[in-house]
Amino acid sequence: MRRPKPILLQGHERSITQIKYNREGDLLFTVAKDPIVNVWYSVNGERLGTYNGHTGAVWCVDADWDTRHVLTGSADNSCRLWDCETGKQLALVKTSSAVRTCGFDFGGNIIMFSTDKQMGYQCFVSFFDLRDSSQIEKNEPYMKIPCSDSKITSAVWGPLGEFIIAGHESGELNQFSAKSGEQLSNIKEHTKQINDIQTSRDMTMFITASKDNTAKLFDCTTLEHLKTFRTERPVNSAALSPIFDHVVLGGGQEAMDVTTTSTRIGKFEARFFHLAFEEEFGRVKGHFGPINSVAFHPDGKSYSSGGEDGYVRIHYFDPQYFEFEFEA
């Protein structure tokens, strides 16, 4: 798969932890193990600005439906809400431990975030309704769900904001109701930690990335396990194409085999699989360390990857990609 030169985004001093497009896809948000939250124009890789305030690694980022607000969670024991356009910090929620995952519901009015199990504190998922300002002011979420068994390592909202889907260190997946907080269902298809969960564009399915060297596709509502994509190394992130039956995986943990080829080309690859056939059909090199986060542009014509090397790369697909017919 030959393709035009990727756009390299250099705005972080440490490993990338998450990258995320807004719904329109004109903006790409990136966070890393440094305190900087960056936003870029996805079309040309120009940096639009930063959101400044965190004092530790930033683990997660999300933008709401109409890109008015940005949400970030950090190892500085805080979750912060920002004005997307001005960069102004609108709210600060202090927590007892690092904020690992965060997200806006479909309407952008409710935020959820999960905190790590550390220093005697257990893992919690907290829900705040932004329409009720007293919740943030008093740091009183309308609901707080304890997760005593295994900490949450990735979480996303399900369709219509009725529940969240959480992946755990143990490899378990469950749904928590956003109304009652009760656990609606629980399954264990992965044998090791779930590193990433991303939903399909229409919110009917989601894909998980796990330390057990696989990514798996599930039904959002029933949690039925649909497909498995196998690799030889831990999968850190996985994303679903919005236009094709394609999946991109990023990962790679072990020291790469030392070769005599030029070291100017990073050897860590994004890997493309066909959704229906579970077969790999392409790889894209470029990063100098494991890929920690991948995301498809909402129009499906490009994808981005963020690596342990601190770089974010925006890759535009070449014309062959759109004409590619999968031969089963």
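Including glycine, each Cβ sits where the backbone N, Cα and C put it.
The repeat 'WD' annotation in TrEMBL covers 9-50, 51-92, 187-228, 284-314.
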Stretch among 9-50, 51-92, 187-228 sharing the most Cβ pairs under 8 Å with the repeat 'WD' (284-314): 9-50
Chain residues outside the repeat 'WD' (51-92) and at least six past its termini with a C-beta under 8 angstroms from it: 14, 17-18, 20, 22-24, 27, 29-37, 39, 98-104, 106-108, 111, 113, 130, 136
Within-chain partners of the repeat 'WD' (9-50) [C-beta distance under 8 Å, separation at least 6 from its ends]: 56-63, 65-67, 70, 72, 74, 76, 82, 84, 87, 289, 292-299, 302, 304-314
Long-range environment of the repeat 'WD' (187-228) - Cβ separation under 8 angstroms, sequence gap at least 6: 153-160, 165, 167-175, 234-240, 242, 247, 249-251, 273, 275-276, 278, 293, 295, 298
Mean of pLDDT values spanning the repeat 'WD' (187-228): 97
Number of helical, extended and coil residues in the repeat 'WD' (187-228), per DSSP: 0 helix, 24 strand, 18 coil
